[in-house]
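Pulled from TrEMBL, these are the features on record:
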- 7-30: transmembrane segment (TRANSMEM)
- 42-63: transmembrane segment (TRANSMEM)
- 75-95: transmembrane segment (TRANSMEM)
- 101-121: transmembrane segment (TRANSMEM)
- 128-148: transmembrane segment (TRANSMEM)
- 154-173: transmembrane segment (TRANSMEM)
- 193-218: transmembrane segment (TRANSMEM)
Amino acid sequence: MPDYISFQVYGILCAQLVITSLIAFPFVYGKDDWAMDFVNDYVWVLWLSMAVMFATLIVLVCVPAASQKVPINYILLFIFTASMGLMIGFIGVYYDTEAVLIAAGSTAAAVFVLTLFAFFVKTDFTGYGPFALVLLMVLVFMGLVMIFLPTNRYLQIVYGSIGALVFSIYLVIDTQMIVGGKNRKVQLGVDQYITGALMLYMDIINLFLFVLTIVGAAR
């Protein structure tokens, strides 16, 4: 992927993270005032936002024309991002503000280090997709099992740590796919800038949520 497309991907990603923060953090800061009542009284808003989020994600991933044609690709991405921000706001209400800030700061630091690693390491990780997928399936299975188990903070820390590891690996793989290079087995095309931004955004958001799980369980 040419440099100017990579810059475009990261520009879109930054805009997504700003939008997500603007939507989510008022819930976190207002949990002792209005947010908790809103979350409890309007649970349907959460389910609606999740439905919209998954619907737009499916369209962006499964319909190439939708992710490559302007302005529909930006509109769908904005709807997806806003829905994700609302969902994170609903989740953040149940955590201490300090825990959310610690998780956000830790995630930002991890993303910075992992991005530099992906940029400058000579090893090509783009072919490790199947390995990462296996880890992801293990993570999903573990999450399903935990639904039926009593809440255990140590198990949550282990689960959060595995999740953080999985999406750290995905972040490295996806970064190399976007940046490209002569020794990369898999690269995104020049018209897949929305796909690239979406991949990185999902990696970062999931990494944040799993770090938040660790921080919340450890407090």
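In case you wondered, yes, glycine gets a Cβ from its N, Cα and C as well.
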Subject >> Selected stretch (most C-beta pairs under 8 A with the transmembrane segment (75-95)) from 7-30, 101-121, 154-173 >> reply: 7-30
**OP:** Check the transmembrane segment (128-148) against each of 7-30, 42-63, 101-121, 154-173, 193-218 and return whichever range has the most CB pairs under 8 Å.
**Re:** 154-173
**OP:** For the transmembrane segment (154-173), find every same-chain residue at least 6 residues outside the stretch whose CB is under 8 Å from a CB in it, and list them.
**Re:** 110-111, 114-115, 117-118, 125-126, 128-129, 131-132, 135-136, 138-139, 142-143, 146, 199-200, 203-204, 206-207, 209-214, 216-218
Subject >> Beyond the flanks of the transmembrane segment (101-121) by 6 or more, those residues with Cβ under 8 Å of it >> reply: 95, 164, 168, 171-173, 175-176, 179, 204, 207-208, 211-212, 214-216
